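Peer 1: Sharing a structure here in structure tokens format.
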Ligand SMILES: NC(=O)c1ccc[n+]([C@@H]2O[C@H](COP(=O)([O-])OP(=O)(O)OC[C@H]3O[C@@H](n4cnc5c(N)ncnc54)[C@H](O)[C@@H]3O)[C@@H](O)[C@H]2O)c1
Ligand SMILES: O=c1ccn([C@@H]2O[C@H](COP(=O)(O)OP(=O)(O)O[C@H]3O[C@H](CO)[C@@H](O)[C@H](O)[C@H]3O)[C@@H](O)[C@H]2O)c(=O)[nH]1
């Protein structure tokens, strides 16, 4: 079993560190946020990932996992895995400044024949650039992109669809592949550039799939078709598959927006016109306006009616269900747009606690408070528990029984016996509940 350091204790770093400790490795996890490290050393995990707190506590008590803010304990170490942020820079590229600054410090610390593993999502050429920054002929850089989803981080790490190891050096690649041997997942050995590109290619493809179904949903509305039925037919084709065919308020989160943007910049730089990806990004930006128009119609009866003073209750604020992450949440982009139009917003999200306000939204601790005196309720995130709310009670406290279901979450059964008039997405029959 290896002794390794993981740098960055966020969604990817903390999950990787805790899971690699579970797989028997000795892991020191470094983060430059002292309060996060103190919290972690006390066995507390600040992100909502099923199974992660248990794994962190298990690692701490077995001694396989420890946390620190300092790079000093890494002196002489054989392997360092970088799980640092690579956010969108102002020009749309991936901002590698944090990664590069840490790489600049690692050259002096790594032991002989050390390996640096790039788990962050990084553009093609980063492994090569990292090797330059390390300035150590004996140290190898290996690309090992991560594909976990928020809300399923531990499950995805321990049971991945595939492991990608992009190494120019066979032995360094073997050492990284060995970390995952006990997961039984297929390991794809590639050159570093292919590993780097494969990560962006996967996220961009997922984004295009959702944009495709969102535009299809608009078409369904125009033509009187049901997007759920169209998607069900498409999804049963093995070549297409049923995942990522649910229309909604657009794709968001900490990865798809920045990664599509970075891939577009990479393509531009390489002289390739990636028009279909550009269109998918444009369609996604437009999707929020599509939803706001839908809400405006439902509340005022007209696409140009005024929302000034309208009380709108929002169910769901996070970018998807199963996470507390609000980064690049389409729900918040819609909230901002509604607030600009003068609407007064109250919101509830099971993943958002301990906050009074998120952007323009006053956060309530209970869905009933969101419905209270509301001119409309809008479902923005697909939390399954919203199906089981007491919709009759929500209707009783609302000013008007208007419901906009941007995730097509609620079916006729959930709303049976209530006066709610539901507007879904791509249903072709606005104002009518439809079976999912
Ligand atoms: N979030 C995901 O679902 C996901 C999945 C796959 C890949 N990725 C990629 O993994 C990388 C990390 O993403 P994340 O979501 O875990 O980020 P994150 O923001 O959750 O975590 C990053 C961590 O790095 C720490 N950090 C920042 N600068 C540091 C420094 N100089 N030294 C030490 N620690 C430092 C931060 O304090 C934070 O804890 C990104 O490239 C991302 O694209 C993310
Ligand atoms: O049918 C669908 C599926 C998804 N979404 C939206 O698409 C976005 C992204 O969802 P998801 O991919 O589940 O989120 P992430 O957890 O950010 O995971 C993505 O980004 C990670 C970071 O790179 C990758 O590791 C994962 O493989 C990749 O799925 C969210 O806003 C979802 O609501 C839809 O609107 N409809």
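Glycine too: its Cβ is placed from the backbone N, Cα and C atoms.
Under the heading NAD(+) binding site, TrEMBL lists 31, 36, 86, 121, 150, 258, 327. Annotation source TrEMBL lists substrate binding site at 147, 148, 149, 150, 199, 244, 245, 246, 247, 248, 252, 320. What TrEMBL records for 255 is active site, nucleophile. The annotation domain 'UDP-glucose/GDP-mannose dehydrogenase C-terminal' is assigned in TrEMBL to 313-412.
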Peer 1: Greatest CA-CA distance (Å) over the residues 147, 148, 149, 150, 199, 244, 245, 246, 247, 248, 252, 320 that the record ties to substrate?
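Peer 2: So the binding residues stretch over 24 Å, Cα to Cα.
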Peer 1: Can you tell me how far the Cα of residue 36 (NAD(+) binding site) sits from the Cα of residue 247 (substrate binding site), in Å?
Peer 2: 36
Peer 1: Cβ distance under 8 Å to residue 86 (NAD(+) binding site), same chain, sequence separation 6 or more: which residues?
Peer 2: 94, 95, 96, 98, 99, 120, 121, 122, 258
Peer 1: Sequence gap of 6 or more, Cβ distance under 8 Å: name the residues on the same chain that satisfy this around residue 255 (active site, nucleophile), in order along the sequence.
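Peer 2: Once residues fewer than 6 apart are set aside, residue 255 (active site, nucleophile) is near 121, 203.
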Peer 1: Going by DSSP, give the three-state secondary structure for residue 252 (substrate binding site).
Peer 2: coil
Peer 1: Are there any residues in the same chain, six or more apart in sequence, whose C-beta is under 8 angstroms from the C-beta of residue 245 (substrate binding site), and if so which?
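Peer 2: The answer is 209, 213, 231, 234, 235.
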Peer 1: Could you tell me which of the binding-site residues 31, 36, 86, 199 have their C-beta within a distance under 6 angstroms of some atom of ligand 2?
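Peer 2: Listed by sequence, the hits amount to none.
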Peer 1: With the Cβ under 6 Å from ligand 1 as the test, give me the qualifying entries from the recorded positions 121, 245, 252, 255.
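Peer 2: With ligand 1 as the reference and 6 Å as the Cβ limit, the list reads 121, 255.
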Peer 1: Just to be sure I understand, if DSSP states are collapsed into helix, strand and coil, how many residues of the domain 'UDP-glucose/GDP-mannose dehydrogenase C-terminal' (313-412) fall in each?
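Peer 2: Output for the domain 'UDP-glucose/GDP-mannose dehydrogenase C-terminal' (313-412) reads 29 helix, 21 strand, 50 coil.
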Peer 1: Counting distance between Cα atoms, which of the binding-site residues 149, 199, 247 is nearest residue 31 (NAD(+) binding site)?
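Peer 2: Of all the candidates listed, 149 is nearest in space.
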Peer 1: Name, in the order they occur in the sequence, the residues of the same chain whose CB lies under 8 A from the CB of residue 149 (substrate binding site) and which sit 6 or more residues away.
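Peer 2: Set apart from residue 149 (substrate binding site) by at least 6 residues yet with Cβ under 8 Å, we have 156.
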Peer 1: Which binding-site residues are spatial neighbours of residue 327 (NAD(+) binding site) here, meaning Cα within 10 Å, out of 147, 199, 252?
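Peer 2: The binding-site residues close to residue 327 (NAD(+) binding site) (Cα within 10 Å), listed in sequence order, are 252.
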Peer 1: With Cβ-Cβ distance below 8 Å and at least 6 positions apart along the chain, what are the contacts of residue 199 (substrate binding site)? List them in sequence order.
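Peer 2: Residues satisfying the criterion: 121, 145, 146, 147, 164, 259.
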Peer 1: Go through 258, 327, the listed binding-site residues, and name the one with the sparsest Cβ surroundings, counting other Cβ atoms within 10 Å.
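Peer 2: Taking 258, 327 as the binding-site residues, the minimal 10 Å Cβ count falls on 327.
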Peer 1: Are there any residues in the same chain, six or more apart in sequence, whose C-beta is under 8 angstroms from the C-beta of residue 150 (NAD(+) binding site), and if so which?
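Peer 2: Residues satisfying the criterion: 11, 49, 253, 254, 320, 322, 323, 325.
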